[in-house]
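As given in TrEMBL:
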DOMAIN    65-313  domain 'G-protein coupled receptors family 1 profile'
TRANSMEM  51-72  transmembrane segment
TRANSMEM  84-106  transmembrane segment
TRANSMEM  126-144  transmembrane segment
TRANSMEM  164-188  transmembrane segment
TRANSMEM  230-249  transmembrane segment
TRANSMEM  261-285  transmembrane segment
TRANSMEM  291-312  transmembrane segment
Amino acid sequence: SVSNQHSNSRSLLFPFLCSQMTQLMTSGNQTMVTEFLFSLFPHPHRGGLSFFIPLLLIYGFILTGNLMMFIVIQVDMALHTPMYFFISVLSFLEICYTTTTIPKMLSCLVSEQKSISVAGCLMQMYFFHSLGITEGCVLTAMAIDRYMAICSPLRYPTIMTPKLCIQLTVGSCFCGFLLVLPEIAWIATLPFCGSNQIHQIFCDFTPVLSLACTDTSLVVIVDAIHAVEILASFLVIALSYIRIIMVILGMRSAEGRHKAFSTCAAHLAVFLLFFGSVAVMYLRFSATYSVFWDTAIAVTFVILAPFFNPIIYSLRNKDMQDAIGRLLHYRKRAGWTGK
């Protein structure tokens, strides 16, 4: 009967699929890797805990500092300007960006299990690089904003409208989350066999691709595309600030020069910190570093840059300090009123 034929076909289909999966998992007499191990993290009782506490404190500061900046900019009407809008977006991205890597680092420092599934590794790479590219695009938008504010102050209010700021932010997100997708999809098709030890503190392209048991020469083209992306953003920002500095030096008022320099100093510091670490980490091409320097560069890129951003934007910014003071004073007064 038809029903018997269907049942027979199903009974033959499942063994066939199982046999195909077995062949895939054991191709070339090598068991396919289903999870990776982070080899650089120390054992919890051999130094792991001594790294765990400082990293936890740094992560807590990154979350608290960037979240405070985001909230202050959202609630304080005096900070509802294009410049602070982009700073709030940057703060939100820093929270998401560090959350893709640091929690896993913390768990590896206190746990004997230092593994991550292949799917989890791909997800970490995707969100880490997507948020990183988005942040680079937002920094580019911030440079354009400062260029318009200082070089074309009369046209600035009509050009840098709230609508344009939102469009630039959405465009940055689309750019970040779409550019990395083809590379992640390609890596997901690669077979991994043999060694499963990642010699890095998080999943990244080069350490993961070195574990693939197939030809990955296509990565040279991908690296070239990433290099063009990084250099394009770098050139736009660098040229903007060169022009800004030239305009500032041409100002007759010493007070005006000081105010303009102080406004751009924070942006320039964050720009140098971010793109400096990106350049050292990803524009190396055929150059290789020792494990120590690879780890040090990764720590600078993943941890220190987001750590210093709230310090740079708050300690050297009087408007931000005043807004934080107003928020804390309001909360204190509301607390007394409630009592």
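Heads up, the Cβ atoms here are built off N, Cα and C, so glycines get one too.
TrEMBL labels come from automatic prediction, so no person has curated them.
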Can you work out the mean pLDDT of the predicted model over the domain 'G-protein coupled receptors family 1 profile' (65-313)?
88
Out of 51-72, 164-188, 230-249, what stretch is closest in contact terms to the transmembrane segment (291-312), meaning most Cβ pairs under 8 angstroms?
51-72
Cβ pairs under 8 Å with the transmembrane segment (164-188): which stretch of 51-72, 126-144, 230-249 has the most?
126-144
